[in-house]
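This report concerns only the one structure given below.
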Amino acid sequence: MRRSLAPSQRGGQRLSSRNDFTPPLLKKNKRACQQDLEQERLRQSALRDATNTSDLPLPIRFTANTEYEMAIAKVLARKFKVPIDNYVPDYGGNRTLGVRRRIVRRPLHDPLACNALVLYHAPNYTDHERMSMEPSSVLVHVVVDPLLSNILRPHQREGVRFMYECVEGKRGNFNGCIMADEMGLGKTLQCVALVWTLLKQSAECKPTINKCIIVSPSSLVKNWEKEFTKWLHGRMHCLAMEGGSKENTVRALEQFSMNASTRLGTPVLLISYETFRIYAEILCKYEVGMVICDEGHRLKNSDNLTYQALMGLKTKRRVLLSGTPIQNDLTEYFSLVNFVNPEMLGTAADFKRNFENCILRGQNADSTDKERDRALEKTQELIKLVDQCIIRRTNQILTKYLPVKFEMVICAKLTPIQLQLYTNFLKSDQVRRSLADCKEKASLTALADITTLKKLCSHPNLICEKIAAGEKGFENSQNILPINYNPKGEINPELSGKFKLLDFMLAAIRAHGNDKVVLISNYTQTLDLFELLARKRKYGFVRLDGTMSIKKRSKVVDRFNDPESDCFLFMLSSKAGGCGLNLIGANRLFMFDPDWNPANDEQAMARVWRDGQKKPCYIYRLVASGSIEEKILQRQTHKKSLSSTIIDNNESAEKHFTRDDLKDLFSFDPDILSDTHDKLKCKRCVQNVQMMPPPDDTDCTSHLSQWYHCSNNRGLPDNILAQAWTDSKCVSFVFHHRSQSQKIEATPATETSVEAKLEPERRKRPAMPLSDDSADEDFQGF
């Protein structure tokens, strides 16, 4: 109360009944609706008084039940509509507050949406059937996340569906498969879609698997993590095991293995083959939903420890990725199939007796008609079995998305110095004795001799120390080299036919355009010679071999692919970067020396013709005419023919080499144009001159016998090679073909390639390389 209104201050007077003061607390607590009622009561009282004293009309009062108010209420009661043109609500768009409805099972994604990829089609239940069924027994569609299905190409959608049907046992009594697509077709993206779908969905409205292990080469672990982040936009985290202490690794793996929750924070483990082998005891204790083995041809030997460790995993879903499931023989192929689906082909002995022996006899060029018929019968039987669990697409699919690719096998003549050193080595008594000791199986001595000859075919610099020391095979060769010969810190390209040709071609490429070049070799010593040549000609270059760290490799690749970079050459060790590396900054590639395993060369040569390439590509494979390099090329052709028969189901693959041809590694004819062409017994050529072109349906994936054959520089698709043939005078023969069905015409030296207009725009794929290893481990004897 105000002090001025207190009785002591008012002199005992009462407060006026008309004062307007209201205690603040009472005013605060008084509800607004009560105030309105009070004011309304006073107003009505005033109106009644006025009516009694005057003839004023009463005001019109509107009530809520008038027609106008009802119309307004009806408008306001309309259902909310999203103010977006052509908006289609999802399944939850009709949900409202109120009484809880009965739970209805629905697929995670709309199976009727545009580009929807439905992996499992649920039964079409009627309303009556749904009412009579238990909610837990209703099956739903399994639909790939639109985030992924909208970017998958047609062949990738087919691959995801195939793998899903295999791991779910819908294609037979098995749960494993082999994804055998060739390089560049997106095997990684297909696996990301499969894993993401299985982790989130099933026909029973719950995850199919709770965790997955992906095993890959150590250099690809980080790449897998990048792929998941790239395609899923960070929606899922992976546990990538790379480096770290043993204690931290054990703790992380135990936590991953023991966690059986269906909603893990890191449901995917990325681990290398080596790390998995070390910690297999931890990972094999508990069940795993699925295992994926990248570069699965590493499991070609069923007796090694890594294979045995992976077989110990408690999982029935196994996916193996390999663009080259047959690299050397059918025994390796059996190991891969047996890993994903044990007992599908029986035991190793059963497979050898029932399939391998018969098929190999029929593959021989001197086999009888009966043996060939028997081989064909067994081949069809094997294909029928494995077709249930293997999917194979060639990179011919890429012709729809990439520019044309020209591939050339160039036979370069040895220089007089190389020729004399090669002949002296083969005539050496010590070499003859060592070769006589190894009739059927390779010995360490024979392998060393083969490596020596391979290096000699590349450049005498690679064996100069052996020549100077007069080692086996070079006892009388010290005087063959020039007097002023200095192999250290200097290179003379004129001493090697292949280096001489390379020198001319690099100069022509540099002078006639802005093309970049990749140089690949199996030996780091050869990369040293590339580096000396680049410094001598003042070419900008970068180099990648097994000594470079993984982090630095990525920076080097990005620098080379930058169009503004001054790097002209990329020098690459085939074993260090032959897998997964993306070098689309270059469109010309030289494979300087062949590998025993055709898969290694194929992987290395696929570095430039990949997603993102916008220029026509030229692949040059250099071999020394008539030398051991041509013998290696013939073995590659034989192995690829076997793969074509079994994997690609190519029944028309001709048999061109006998076993004796393949064993005859050390024969040498210095005057031959091409030992490979002679052994092909080509029916389209007369005296090494092509009289008929290859069939129209062939390309660079076909057998060498179905390529273009050139004994001169007329008709070549590349003006750079045509000019170098004339200038270097060291080319004896060329096989060439293209990737697309386009007419090949000779290109004048003043013109650019006709294919330069092809500029498709596709995804850029990050990649990582493998470790360096230049051993001839794939040589399997004579």
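Including glycine, each Cβ sits where the backbone N, Cα and C put it.
Keep in mind the model is a prediction, meaning the values are calculated, not measured.
Swiss-Prot has this to say about the protein:
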{"type": "COMPBIAS", "residues": "1-20", "note": "compositional bias 'Polar residues'"}
{"type": "REGION", "residues": "1-28", "note": "region 'Disordered'"}
{"type": "MOD_RES", "residues": "THR22", "note": "phosphothreonine"}
{"type": "DOMAIN", "residues": "168-343", "note": "domain 'Helicase ATP-binding'"}
{"type": "BINDING", "residues": "ASP181, GLU182, MET183, GLY184, LEU185, GLY186, LYS187, THR188", "note": "ATP binding site"}
{"type": "MOTIF", "residues": "294-297", "note": "motif 'DEGH box'"}
{"type": "DOMAIN", "residues": "501-658", "note": "domain 'Helicase C-terminal'"}
{"type": "COMPBIAS", "residues": "741-753", "note": "compositional bias 'Polar residues'"}
{"type": "REGION", "residues": "741-782", "note": "region 'Disordered'"}
{"type": "COMPBIAS", "residues": "773-782", "note": "compositional bias 'Acidic residues'"}
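Within 10 Å of the C-beta atom of GLU182 (ATP binding site) sit 21 other C-beta atoms, taking all shown protein chains into account. Residues of the same chain lying 6 or more positions beyond the ends of the motif 'DEGH box' (294-297) and with a Cβ under 8 Å from any Cβ of it are 178, 188, 214-217, 220, 224, 320-322, 324-325, 327, 332, 336, 339, 579, 599, 770.
The local packing around GLY184 (ATP binding site), expressed as other Cβ atoms within 10 Å of its Cβ over all shown chains, amounts to 20. Taking the centroid of the Cβ atoms of ASP181, GLU182, MET183, GLY184, LEU185, GLY186, LYS187, THR188 as the ATP site, the other same-chain residues with Cβ within 8 Å of it are GLY323, ASN395. Annotation for LYS187 (ATP binding site): spatial neighbours GLY159, MET179, ASP181, LEU321, GLY323, criterion Cβ-Cβ under 8 Å with sequence separation of six or more.
In the three-state DSSP classification, GLY186 (ATP binding site) falls within coil.
Around GLY186 (ATP binding site), a 10 Å sphere centred on its CB holds 21 further CB atoms from the protein chains shown.
In this view, ASP181 (ATP binding site) is surrounded by 22 other Cβ atoms within 10 Å of its Cβ, with every protein chain counted. Applying an 8 A CB threshold to same-chain residues 6+ apart, the list for MET183 (ATP binding site) reads GLY323, ASN395, GLU602, GLN603, ALA606, ARG610. Within 10 Å of its Cβ, the residue among the binding-site residues LEU185, THR188 with the fewest other Cβ atoms is LEU185.
Residues in the motif 'DEGH box' (294-297) partition by DSSP class (helix H, G, I; strand E, B; coil) as 2 helix, 0 strand, 2 coil. Classification of ASP181 (ATP binding site) by DSSP places it in coil, neither helical nor stranded. The average pLDDT computed for the domain 'Helicase ATP-binding' (168-343) is 90.
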